[in-house]
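Okay, structure first, notes after.
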Amino acid sequence: MAKIAVFFGGSSTEHSISILTGCFICKTLHTMGHSVKPILLTKDGGWVVPSEYRMSIPFEVSNSPDLFQEEFQKRYGVSRTNQIFSLDADIVFLGLHGGQGEDGTIQGFLEILGIPYTGSGVLASAIAMDKTRANQIFLQSGQKVAPFFEIDKLEYLNSTDAVITKLETLGFPQFLKPVEGGSSVSVYKITNREQLKEKLALIFESDSKVMSQSFLTGIEVSCGVLERYRDGKFKKIALPATEIVPGGEFFDFESKYKQGGSHEITPARISEQEMKRVQELAIAAHRSLGCSGYSRTDFIIVNGEPHILETNTLPGMTETSLIPQQAKAAGISMEEVFSDLIEIGLKRSLY
C-alpha cells in the first residue's frame, strides 16, 4: 500500500466543493488500505500539513468550509507551509478544483518537487482551464463548439460600446463566463444588452478575461474518460454519458451541487448512436488537450450532433458527482478508478 497525500481546499471559488471531494477521496483511499495524509490548502493560501499519516478528518462539518478549516486546524495545528517541501508521499492525489489547483500551477509545483500526482500534467491543465484556448484546439481537431468571443478587461475598458456591439452579434441568449473557471461559477445566461453590460462589469471585478458563447438548445450530457494500464499498454475508456436536466435555466453551480438542483440520468436517454458519438468525442477531447488519468467533457446535443461545452481535467469527485455515477453504471468501483489513477500517475512520473 502507498503513502498518499491528498490535496484539497484551495483559494478558488470552488473551495467548498473541493473539501467535499477531498473527504470522499480520503474515505475511499482509507478503505483501500492506503496510508492517507489529508493536506488542506486554506482560502488565504496557507497549507495545513499533518505531521503523520493518519485519517482524522471532521467529515461531520464538511458542508461548512469555514467550520471545517477551524476543526481541521484544531486537529493538525496551524498552517505549516514549509513542511510541503519535505513531503514524504509516494504520490499526491489531487482533489482541488479551479484556480491554481486545476490550471497547472500546483502540477508544476509538484513537478519541481519531483512528486508524482494524479490527473493531467501542467500543459493540459493550463489549456483546459483556458476555455478560449481549449475551444480553439477543439475546432482545429474538427470538433464542434458554439460560436464564441473572448474579451479582455483592457479591451472592455477602452472600448466598452464596441465590445457590447461585438458580443451582440452572437445573439441572445448567450452565456457569459470567466475564461478561467470551473463548476459554472460566475456563469450567466444573458438575454439583453443591458444585462450584458451589467454582468461584464461584474465578472471583470475579479477576472481579466471573459468568454461569451452562443446559447444552443439541445440535450445536455457529460461523459467521463478513464485511463488504465492493462497488459503493458495505456488504454482510454469512455464511461456511460450522463444526461443533465437542470432545475434552473441551465446547469449552473447551484444545479451541480445543491440537492435537487438538477436531475441527472445515467446512462443518458439518448440513442445508441448518439451515446457512441459522445463517447468517441470525449476520448478525442481528452486526447486533443493531452489529458492524463481522467477527464470529463460536457456536451450539448443539437439535432443529433454533440457540441463540446468544456473539458474538466479535475472533475468533481464528491459522493454525488458524475464520475462516480458513471463508473457505477459501467460496473467499475471507485476503488478501481482510484487504483488506476494512482498507477497512471506513478507510471507517468517515470517518463
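The backbone N, Cα and C atoms fix where each Cβ goes, glycine too.
As annotated by Swiss-Prot, domain 'ATP-grasp' applies to 135-343.
The ATP binding site annotation in Swiss-Prot covers 167-222. Taking a C-beta cut-off of under 8 Å and a sequence gap of six or more, Gln174 (ATP binding site) has these contacts in its own chain: Leu167, Lys189, Ile190, Leu196, Ser212, Gln213, Ser214, Phe215.
Of all Cβ atoms in the shown protein chains, 24 besides its own fall within 10 Å of the Cβ of Asp298 (Mg(2+) 1 binding site). Asp298 (Mg(2+) 1 binding site) carries a strand DSSP state (E or B). Among the features that Swiss-Prot reports, Mg(2+) 1 binding site is placed at Asp298, Glu310.
Asn312 (Mg(2+) 2 binding site) falls within a strand segment according to DSSP. Of all Cβ atoms in the protein chains displayed, 24 besides its own lie within 10 Å of the Cβ of Asn312 (Mg(2+) 2 binding site). What Swiss-Prot records for Glu310, Asn312 is Mg(2+) 2 binding site, and it gives sequence analysis as the kind of evidence.
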Distance [Cα-Cα, Å, rounded] between Leu216 (ATP binding site) and Glu310 (Mg(2+) 1 binding site): 14
Whole-number Å value for how far Asn312 (Mg(2+) 2 binding site) lies from Gln195 (ATP binding site) (Cα to Cα): 28
